[in-house]
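Below is one structure, written out as structure tokens, with a few remarks after it.
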Amino acid sequence: MADGIDRRADDKMEFNTSKEVTVAPTFEDMHLKESLLRGIYAYGYESPSAVQSRAIVQICKGRDTIAQAQSGTGKTATFSISALQVIDTVVRETQALVLSPTRELATQIQSVIMALGDYMNVQCHACIGGTNIGEDIRKLDYGQHVVSGTPGRVADMIRRRHLRTRHIKMLVLDEADELLNRGFREQIYDVYRYLPPATQVVVVSATLPYDVLDMTTKFMTDPVRVLVKRDELTLEGIKQYFIAVEKEEWKFDTLCDLYDTLTITQAVIFCNTRRKVDWLTDKMREANFTVSSMHGEMPQKERDSIMQDFRQGNSRVLISTDVWARGIDVQQVSLVINYDLPTNRENYIHRIGRSGRFGRKGVAINFVTSDDVRILRDIELYYSTQIDEMPMNVADLLS
């Protein structure tokens, strides 16, 4: 599993896919540039995952594409490889634009593109809010083949004419369900309006609710679809449990009781609001527990340093809002705790997908008050899954 994908689970994935989509069993069968193939193998990929073997060829043909697959199945590499195949590195202009809902995800995508394009002399810039605008302007004026960014900063740079759009061939919307949620919808339209009419659109996400699929009709032409059936979307290899806590006030004591279990590997604890993250972090520290925390209101430098500490394993328990839930890849995370159940059932799968990355075993524990029982049942029904009461030996499941 050097390439980080669980092949057994991958082989069992069911695809509900457009008829014209063929399967390319190897990267060589995709007729990719030699320099790109070298980068793919150097990155640790040996053969394409299920979603890669179906989607890359279609995207490289220039087809508008909707690709849906579980977390940890190589979705980021799917569009990164495709973008690197279609760009011409001789032309130092932006030719592919990737939009993501969080700064951390945009930065991670940039690092994947740089690694896969290592032998291509590719220029890729992360254009994200909370960073120095002067640096953005300098990098963009120099010329970037690929820009990976958040919608607000990208729209701003286009309006200021530092991000030149006339050579853009491909727009990728990653975690499209979140991007197209109300918060980013207008900014995406802002960006889209500036792109050449022939721009290819690629939509990628673990969940694609029907309203998102409906919205894509506005800016996609006859898209090819590579969709996993929803019944297949519960993340295999992740055991899901709940703890009945009756009252909100009891959650804190329950978490303290679990702390020794959390630190066996690394754990992420999700709360629904920034204020709750700050409150819980303070409470845990007052009780002499070591935790770190992150949410969208923190300065970007602080968020970067917290992410780096967590990635390197220097901090073991991270308390966060959903800013962390989407696509962030930290391979050691084996445990996710939903201190609050997510208000949006699509976010449930993004959160628990943080544990068990790339086919490792993971555990997700949901704190459920009497008010939450209905939400939990709704999640079970929506994903055709079963969430059991947590057993006493949860530590054994993690070790």
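Cβ coordinates come from backbone N, Cα and C, glycine included.
Model, not experiment: these values are computed from the prediction.
Around the Cβ of Ala69 (ATP binding site), a 10 Å sphere holds 26 further Cβ atoms from the protein chains shown. Per Swiss-Prot, ATP binding site is recorded for Ala69, Gln70, Ser71, Gly72, Thr73, Gly74, Lys75, Thr76.
For 56-226, the entry in Swiss-Prot reads domain 'Helicase ATP-binding', with the evidence type sequence analysis.
What Swiss-Prot lists as domain 'Helicase C-terminal' is 237-398.
What Swiss-Prot lists as motif 'Q motif' is 25-53.
Same-chain neighbours of the motif 'DEAD box' (174-177): 75-76, 79, 98-101, 105, 109, 203-209, 212, 216, 326-327, 346, 350, counting only residues six or more beyond its ends whose CB sits under 8 Å from a CB of the stretch. Residues or ranges marked as motif 'DEAD box' by Swiss-Prot: 174-177.
Taking the domain 'Helicase C-terminal' (237-398) as a whole, pLDDT averages 83 in the prediction.
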